[in-house]
Amino acid sequence: MSRTSSDSQLDKPNIQKSAVYNIHGLGGSQASLSIPAIHKDVPGYRGSNEFILSDGKKSTMDHLREVGPWCRRKYQQVFRKKILYKRVPVLSWLPKYNMDDFVGDLVAGFTVGLTVIPQALAYSSIAGLPAAYGLYGSFLGCFVYIFLGSSKDVPMGPTAIASLLTFQATQGVWQKAVLLCFLSGVVELLMGLFGLGFLIDFVSGPVSSGFTSAAAFIILSSQVKDLLGITAKGNTFVQQWKSIFADIHHTQLGDAVMGFICIIVLLLMRLLPRLKVGPPDADQQTTLQKIVNKTLWLVGTARNAIIVIVCGAIGFAMYTEGQDPPFKMIGDVPSGLPAVQPPPFSIPEVVDEAGVVIQEAQSFGDMFSSLGSMLIVIPLIALLEDIAICKAFADGKSVDATQELIAIGVSNIANSFVQGYPGTGALSRGAVNNASGVRTPFGGLYTGIIVILALLFFTPYFFYIPKAALAAIIIAAVVFMVELRVVKPMWRSKKADLIPGLSCFIACLALPIEYGILVGIGLNILSILYHAARPKIHMDQLITPCGIKYLMLTPDRSLIFPSSDFVRNLINKHGLKNQTPVVIDCTHIYGADFTAAQVIDTLIKDFKSRNQMLLFLNPKPSVCSVFEGAELEYRVFYDMEHLEKAIQEIRRKSFQA
């Protein structure tokens, strides 16, 4: 790069002063480059003045010799104490574990256990599986999360949304559900190992709200059949209600009465934790008042378990063998723990006594292909639910999405070996966990033990639990998943965000739910691309000290190929309209590509053809390197004083000519 003078002050520049340099390209083209003073108190461009020249040529043997040192460096980076403590969080908190932590975790684990059991039984029906499979997926994952989980508030297990996605992927075939649990865990683990937690950033708040609200409606619709005691099927919201209306005339009075009474009672019990006896400050309450308040809180928190116990007792009292009960019951639940075995990688053919094929044989390839996109959707939604809990109770601390992916991935892999279906952290149980005073992830141990005790000793009594009561538990829970509260602030802040949210909501109701998510994410990406292709350009009319008017145009983002022609047309439009020198302020242009460089070259030629001045102010080195690589003839300035002097000099020469 050589330097020439643009005014008399620049003939012999001092390196400590700003200077204008002309960059010579091929064919004699030039571009001026103003270098600001290099001093700590002088504002301007800051960058390294050191660089290394290398021919960049290495032989194959040189590359092979570098493999060993590279592997050693990676080994040292991975197998460090800091990384070990980060990836196995139990090593950080277990040495500090004390009696206060034990008491807090015991109370929280027991309370969450009372919540998990009725939810697991209910969520099994959403997944289209026998009731026992919800319990199978509710204990081993809790144990695994103790070692790998980074949040004290996450209780691993089945969730309403995961159960819905499982049903849509497996249609109630337990072998597919267990295999889906294993494969989802593998995908989550691989995503964690490769640091792909950032993928949830592509699911915006409006899309997440639209999906969650639609899932709540679909889950609610799936439980109407048990609430009314009728038969109904369907994957989508529309299909479910068509089936419900087709069979609604078979509604069973006993199921309907039981279900609606349970819903009303559950909604009323939900208010109990808010009731307080005595002064608001706990320190001013008497012992009796504290006991009453704790009892109200415990009854409200354990409302699902209370409803299951009471309705199960009613079912037991009204059941007479050989006679039809007044409402449908769960039926037999296998007693004892599930067998520890690998997940099924094939489905055998099942034939009844008459020789009719009840279930066709399927190979691993058939099962894998039938799961399809759910192998990606379920891990992403599981991470989304899990991170929502972590952020809700993080108290300002950062959340490690990579570690959470590893934790829920290994948990699901472990669950698949005890016949569980996909699960993750549930926000409702996380809220109970936090409100119960959990101190560490060790609370999951006591939750898992409660589930194991239920499987060992209480499964015979699950027979009498009415299906309508479980349906009521689900309906009373998911009705609060409909996120109407976000619509008003979204409308006030940015109405355009309602488009992907509402589109995702409608698409999830009308189409299979995975397509609805893709619609929402697709609209978000299109919105991002549109804004990238249509940057805003701020315009200022300025005057030099000598009274020469010029136009300052400031784009607000980088120049990339979608926006190149738009920017060119806009700058040309303002240039033709004003017929004054035009300066492009590149302060906010942090990058450019070859297409943008070609368009800028055309823009420069457009201005040159009509003898109009076009100058560039404050481009980043990365942008200059792209322009130089494209052999552009352009003038660059990093100082307003030299910029205005150049405008005056060029205008003076044009008048003399």
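Every residue gets a Cβ built from N, Cα and C, even glycine.
Annotation comment: TrEMBL describes 102-121, 127-148, 177-200, 256-275, 296-319, 367-384, 443-463, 469-487, 499-530 as transmembrane segment. Look at TrEMBL and you will find 551-650 tagged as domain 'STAS'.
By number of Cβ pairs under 8 Å, the transmembrane segment (127-148) is matched best by 443-463 from the list 367-384, 443-463, 499-530. Most Cβ pairs within less than 8 Å of the transmembrane segment (443-463), among stretches 102-121, 177-200, 296-319, 367-384, 469-487, belong to 102-121. A Cβ distance under 8 Å defines the sequence-distant neighbours of the transmembrane segment (102-121), meaning residues of its chain 6+ beyond its ends; these are 131, 134-135, 137-138, 155, 157-158, 298, 301-302, 304-305, 307-308, 330, 426, 428-429, 432-433, 436-440, 442-447, 449-451, 454, 462, 465, 470, 473, 477.
Counted over residue pairs 6 or more apart, the CB atoms of the transmembrane segment (469-487) and the transmembrane segment (177-200) come under 8 Å in fewer than three pairs, which marks the two as apart.
Highest Cβ contact count with the transmembrane segment (256-275) among the listed stretches 177-200, 296-319, 367-384 falls to 296-319 (criterion: pairs under 8 Å). Within the model, the domain 'STAS' (551-650) shows a mean pLDDT value of 84, rounded to a whole number.
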